[in-house]
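Just below is one structure, and these are the notes that go with it.
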Amino acid sequence: MSGISRMVPTLIMGGVILAFSQLIAYSWLDIPADTGIMDALNSGKFAGFNLSLLKFAWLSQSFGGVLFGFAIPMFAAFVANSIGGKLAFPAGFIGGLMSTQPTQVLNFDPASLHWVTAAPVPSTFIGALIISIVAGYLVKWMNQKIQLPDFLLAFKTTFLLPILSAIFVMLAMYYVITPFGGWINGGIRTLLTAAGEKGALMYAMGIAAATAIDLGGPINKAAGFVAFSFTTDHVLPVTARSIAIVIPPIGLGLATLLDRRLTGKRLFNAQLYPQGKTAMFLAFMGISEGAIPFALESPITAIPSYMVGAIVGSTFAVWLGAVQWFPESAIWAWPLVSHLGVYIAGILLGAVITALMVIFLRHMMYRRGKLLIESL
């Protein structure tokens, strides 16, 4: 997870700056949605302060795009670094960069009898993951096996290993990883395009379920890996994952506020009531771990409840058009979401479903004598 944690700040910086450029151009300056910022600059309709704002929007759009482009190379560099140490960092970065900006392929055109170049499909996140792991272990192995006298150690670390690893990355990416990763990416894009709205909804349901199930655990991290790969490739937004992060703690916290009003009895152990308020606060900071005490205390009631809530709420928001491209679920990022009202409605729907379901399950188990409630 080292690469993910290092990549996320870059994605957030790029996403926020990109979103700010769109806010200036399309909200403040009211540019038509089908008009690009550069076209607006050349239209001659803006002057003075508004023209300066539009120029700043163009700068923000360009700079944000550059930052977004560095996310995958950063990921690959730190994955390689975590395996092979700092000597593997450059090889990982180069591999990550080639996964997003692959070297053009050289082909011979029999019709013109000339060599021509063609741009291959980028291997993106898949290619970056593969090359970062392979490069990390390769550099680690070379560093152990290549033994030189002490006076040549600087030559080994600053010239020999970087050159050998760079040549390996170049050949591996050109001949193996880019064709393989590009083939997979092309297939995924074709499948999602063919599936249309149904494909996007099925993806949202799967990501939401995997995100919610273990509240920041390994399955959640794997779901984040998949979601970030599609987001950085600009294939699918990260909407479902962001919503599924906050629904469990909000829903379980809400349950501690509603149980007595709905059933006439407190259905949670005494220590869970203050933890419910804490969980709700943490949810607005984009932290799902506040729900863990509930899952540990009664997994049979908590986990199914917040999984159903997360799936329904996330899918509802995606279905009605909420779109979030940058990977941040904290409340400060919500204003940058497209169709924010639908986004918030999805969170509320999922939280209410979670609260009602966990209250129903706990009340049913209590009436059957299968739930012991500790009071103050």
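A Cβ is built for glycine as well, from the same backbone N, Cα and C atoms used for every other residue.
Note that the structure is a prediction, hence the values are computed from the model and not measured.
Features as listed in TrEMBL:
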DOMAIN    1-371  domain 'PTS EIIC type-2'
TRANSMEM  7-29  transmembrane segment
TRANSMEM  56-80  transmembrane segment
TRANSMEM  87-106  transmembrane segment
TRANSMEM  118-139  transmembrane segment
TRANSMEM  151-177  transmembrane segment
TRANSMEM  200-217  transmembrane segment
TRANSMEM  238-258  transmembrane segment
TRANSMEM  278-296  transmembrane segment
TRANSMEM  303-322  transmembrane segment
TRANSMEM  342-361  transmembrane segment
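Remote same-chain partners of the transmembrane segment (151-177), defined as residues 6 or more beyond its termini with a Cβ less than 8 Å from a stretch Cβ, comprise 87-88, 90-91, 94-95, 98-99, 102-103, 105, 123, 127, 130-131, 134-135, 138-139, 142-143. Proximity of distant same-chain residues to the transmembrane segment (118-139), defined by a Cβ-Cβ separation under 8 Å and at least 6 residues beyond the stretch ends, is recorded for 3, 72-73, 75-77, 79-85, 87-88, 91-92, 95-96, 98-102, 104-105, 107, 161, 165, 168-169, 172-173, 177-186, 228-229, 232-233. Within the chain carrying the transmembrane segment (303-322), a Cβ under 8 angstroms from the stretch's Cβ atoms is held by residues 197, 200-201, 204-205, 207-209, 211-213, 239-241, 243-244, 247-248, 251-252, 291, 295, 337-340, 342-343, 345-355, 357-358, 361, all 6 or more beyond its ends.
Among the listed stretches 56-80, 87-106, 200-217, 238-258, 278-296, the one sharing the most Cβ pairs under 8 Å with the transmembrane segment (342-361) is 238-258. Each residue in the domain 'PTS EIIC type-2' (1-371) has a pLDDT score, and their mean in this model is 87.
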